[in-house]
């Protein structure tokens, strides 16, 4: 996609909106959270500024370093921050780094399209840093300024040398008093930086970890074509990667896709290089265009007869991996909702539709073998969906209702309330724990479904086999929102679906099988934050007996130390191996009572990463899984690790 330079980037292009004091008081408002996610977000803010320079046609190389002290430096070869005096009476870099919303992307400033959609930028990074140093190469000189203690300038902007280069180097150390962790994860950064490199053809991003001499270079000549190939790397594909690009009413569009033999679709969309996780008008434009083009082609070559209904979009997109990347000028940019996760610009729909329609119709004509294969696959998907719909309707109309009710009646213990907004469904491993859960639950709003048999691995199985699996069928009926393309979040019977298993490897396996099913066939459940993992305690510490007995619980070895101090000498420790070892009262108190339980909400943070992990770890190819395990799993004699030790967890109170 063409990069364009349209505006001057100088002191006058820097516009100021408000002061910086609020950031340290409410960091979550600016970076989302103060856990590992927020910590890594600081890096993305600085990198996105460098990417904006590349987008504007300046520089094509960014170097990100994790230093030994967990400080971060980001070096680009853009124009360098403007170094003159700003109209506020301070050097411009000081304004950029100390005033919130001061930057070249506000107003029609230094950038035509900018990725800093959240618009907080360098000043917020400075506010949340122990120290930050900016080094600028511009106009033949090297300039430097240092800030400490949350963005206070300790030097003015100083000339420290001469240079023939241009660019900006930002070096900062996150403030440990602001973050729950200040240790950077190489893998987390590399996934996001890889994404930035995919989206800009020819951009080279280097990630260097000085703590352990790791280094990765991301550079993709084919841009989003390489991104699609990366998503499908471990899948069996049915076509080459196809890509289209074009411009329509000043909106630039990049679209690439490839089909695999799986059953789910995976579309990732971006606006000005920033992910739109909830889709929007650009996604709808691409979907509409694909549906129209495939139907027109199918009729033209008589794969669909006159009497046949048109293929639905979901049938056509079965097995599709696609990337949509649009660049929209600031004056046209509109989002729905606060989080900017969904594009609202109506012009984007017609731009994407026009470009994809025209080029896809041409592609199908020119590649008849591939086109016919894909249309036949869609027809098969349509037939399977129709059969599933009939089966569901028969179940609803009563022909098979008795059977579906029987499937549930022996297993599901329903909640007393009929209010889906309050009700919770516990999926419990095994009958004995299921029995305790039924006795211990709050009958008003908690339903319990014990899982007796083996849950099928839905990543490997065909749709027909999945519906033959009794456990999966029972779960589908209990949740009540349908399944696959017909799933509707509005029809579900519960506000929380809670997976409760033993704290051992078998329990973890059941969790993963259920999560794979929800991810593939009820993804909106996860996207809307309805899926949770219950955390039963690992230890019970007791002292005394009868009415004087003191009982405390610990969820981790760390917590155990505090509990032992609290109980005092003469204690007895019990290590729980399974839920069945707890009686109903204990299970209620530790794992089911909303006042005292701990739940882990399942979220999708990085869609591309999740897609690849599910394919690698749950798919039918053994080799990629073996390689991943060799690279990422340390085998030892230690007890299995606790889920609470995962650095990607963020903590929130239950409401």
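Residue 1 is the first one shown; counting continues down the chain.
Every residue gets a Cβ built from N, Cα and C, even glycine.
The ATP binding site annotation in Swiss-Prot covers 9, 49, 76, 116, 117, 118, 119, 120, 121, 122, 340 and is backed by sequence analysis.
Annotated Mg(2+) 1 binding site per Swiss-Prot: 429, 502, in sequence order. Cβ contacts within 10 Å of residue 429 (Mg(2+) 1 binding site), excluding its own Cβ and spanning all protein chains shown: 25. In the three-state DSSP reading, residue 429 (Mg(2+) 1 binding site) counts as strand.
Around the Cβ of residue 504 (Mg(2+) 2 binding site), the number of neighbouring Cβ atoms within 10 Å comes to 13. Annotation note: residue 504 (Mg(2+) 2 binding site) sits in a coil segment as assigned by DSSP. As annotated by Swiss-Prot, Mg(2+) 2 binding site applies to 502, 504, with the evidence given as sequence analysis.
Feature annotation from Swiss-Prot assigns compositional bias 'Basic and acidic residues' to 387-397.
The annotation domain 'Toprim' is assigned in Swiss-Prot to 423-537 on the grounds of sequence analysis. Per-residue pLDDT, averaged along the domain 'Toprim' (423-537), amounts to 86 for this model.
Annotation comment: Swiss-Prot describes 387-419 as region 'Disordered'.
When other Cβ atoms within 10 Å of the Cβ of residue 454 (site 'Interaction with DNA') are tallied across all protein chains shown, the result is 12. Look at residue 454 (site 'Interaction with DNA'): DSSP puts it in coil. Annotation source Swiss-Prot lists site 'Interaction with DNA' at 454 (among others), citing sequence analysis.
Taken from Swiss-Prot, the feature site 'Interaction with DNA' applies to 457 (among others), supported by sequence analysis. Long-range C-beta contacts of residue 457 (site 'Interaction with DNA'), restricted to its own chain and to partners at least six residues apart, with a cutoff below 8 Å, comprise 513, 516, 618.
The site 'Interaction with DNA' feature in Swiss-Prot is assigned to 509 (among others); the stated evidence is sequence analysis. Sequence-distant neighbours of residue 509 (site 'Interaction with DNA') (same chain, 6+ residues apart, CB-CB distance under 8 A): none.
Other Cβ atoms within 10 Å of the Cβ of residue 625 (site 'Interaction with DNA') number 16 in total over all chains. The site 'Interaction with DNA' annotation in Swiss-Prot covers 625 (among others) and is backed by sequence analysis.
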Legend entry - By Cα-Cα distance, the member of recorded positions 76, 121, 625 nearest residue 502 (Mg(2+) 1 binding site): 625
Inset, instruction - Pull the DSSP breakdown for the domain 'Toprim' (423-537) and write it out as helix, strand, coil residue counts. - result: 54 helix, 21 strand, 40 coil
Legend entry - Nonlocal residues around residue 76 (ATP binding site), in sequence order (Cβ under 8 Å, 6 or more apart): 49, 50, 53, 54, 59, 61, 62, 167, 168, 169
Inset, instruction - Taking Cα atoms as reference points, rank the recorded positions 429, 454, 504, 625 by distance from residue 121 (ATP binding site) and give the first. - result: 625
Legend entry - Proximal residue to residue 504 (Mg(2+) 2 binding site) among recorded positions 429, 454, 625 (C-alpha distance): 429
